[in-house]
């Protein structure tokens, strides 16, 4: 932890689907928080000097062979500890209590009753609704602990050893279904851990600028600038830190949205006075993608070719030591960690060659998407960039399903431009987290101008979300959808049908490929 962060809450990851929510909630309070593997040693944690430690939930039983554990010496560090669900069970197991399989598993909402006035429940109602998700439970709390809350199926729903600042809850306060979950976490963060809540994006900028300067020194940094939110924020942040030591390369791979290439050069080269080199690599990418229809293969080809183009261009430059990337927290999570399966290979995470000549700088890799937008606003980046639609590294290459052609790319490009224009016309940009068009590899029969047609179908995908980890399909008004559909079939050649995707994530991902 950098010395510019004077307080931090450390969350140890035991594999719960809600882990990232804990970190997010705490940051929303104005307190810096990081999620780290459960394998951190007590000595490593001591060096990080957190104000508090949270043991997350997880799918294991403390008695399972190979179940996730932590260094039990963390209970000797004189640092407040909060165990959530599996974290409470692990605390109980280490400190001499007893955990058993529940006779009745408990998933969903439950009513709990608070005993006395424990610190975690200060100023909260005696009876409240919480979210349970457990198969084991604490049947005997460790010596010296008090039982702070009970429920019908979980007699020890919360426990504490106040003199040591050890707390455990069997439910999930980080989930919004827990009625006073945020208040409970605030009581731990501010009441127990004595944090002051002064962390902000302004602090983050100062912290990251110091880290960038300390890391880079007087050396040169190269940044792949796409014009998307992530790479734009990275470029402006690093430029603010080291000025002309940053060179940006903008690769136009022919897979961009309408008007994007021109917009990138105008905004960053002219508006921010940054050194931006534009590379026209359209033919190179499309030739590599000929005959390829598998989505993972397309992602890998685009990712690898991007690096090869980048290498070719960087070879023309002298003295470049660092490569900056806009990798986010969600990229790392979805690309697979010790406790998470790989969902997709991310362009920023999975496509780097082993012999890459640069060292990486990833200043956004602890931030979620909404935090990156807040950071961009704090840096003075225009709203049309900060609130630009999330755009994958492979670009329109994964919004054309199956094999890519220039004709198909133009269909997606034009239909997407219409969608974005109408969403803006109706003032819905801030209400919908992401929206785009996709071209499935199918044709259908239609009738246009009294003639039979056999043309492409365009799919519209629009979702609401906070960070992209989960999402719901956006309830766009029917009249807006009708206007979009009418314009697409009339203005985009070779399209005779428009459909709307009403699938949430999960089970679907946001992108179709």
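Backbone N, Cα and C define each Cβ position, glycine as well.
Feature annotation from Swiss-Prot assigns domain 'Glutamine amidotransferase type-1' to 8-198; the stated evidence is sequence analysis.
Swiss-Prot lists 85 with the feature active site, nucleophile, giving sequence analysis as the kind of evidence. According to DSSP, residue 85 (active site, nucleophile) is assigned to coil rather than to any helix or strand.
The active site annotation in Swiss-Prot covers 172 (among others). In the three-state DSSP classification, residue 172 (active site) falls within coil. Counting every protein chain shown, the number of other Cβ atoms lying within 10 Å of the Cβ of residue 172 (active site) is 24.
Per Swiss-Prot, active site is recorded for 174 (among others). Under a cutoff of 8 A between CB atoms, and with a sequence separation of 6+ in the same chain, the neighbours of residue 174 (active site) are 18, 21, 22, 25, 84, 181, 185.
The feature domain 'GMPS ATP-PPase' is assigned by Swiss-Prot to 199-388. Summarised as a single figure, the pLDDT of the domain 'GMPS ATP-PPase' (199-388) averages 84.
Look at Swiss-Prot and you will find 226, 227, 228, 229, 230, 231, 232 tagged as ATP binding site. In this structure, residue 232 (ATP binding site) is part of a helix by DSSP. Applying an 8 A CB threshold to same-chain residues 6+ apart, the list for residue 232 (ATP binding site) reads 225, 226, 267, 268, 376, 381, 385, 388.
Other Cβ atoms within 10 Å of the Cβ of residue 228 (ATP binding site), summed over all protein chains shown, number 21.
For residue 227 (ATP binding site), applying a Cβ distance below 8 Å and a minimum sequence separation of six or more within one chain yields 250, 256, 260, 261, 263, 264, 267, 268, 385, 388. Packing around residue 231 (ATP binding site) is summarised by its Cβ count: 24 other Cβ atoms lie within 10 angstroms of its Cβ, all protein chains included. Over all protein chains present, the Cβ of residue 230 (ATP binding site) has 23 other Cβ atoms lying within 10 Å. For the pair residue 229 (ATP binding site) and residue 85 (active site, nucleophile), the Cα-Cα distance reads 36 Å.
Considering only the recorded positions 172, 228, 231, residue 85 (active site, nucleophile) has 172 as its nearest partner by CA-CA distance. Mapped onto three states, the DSSP output places residue 226 (ATP binding site) in coil.
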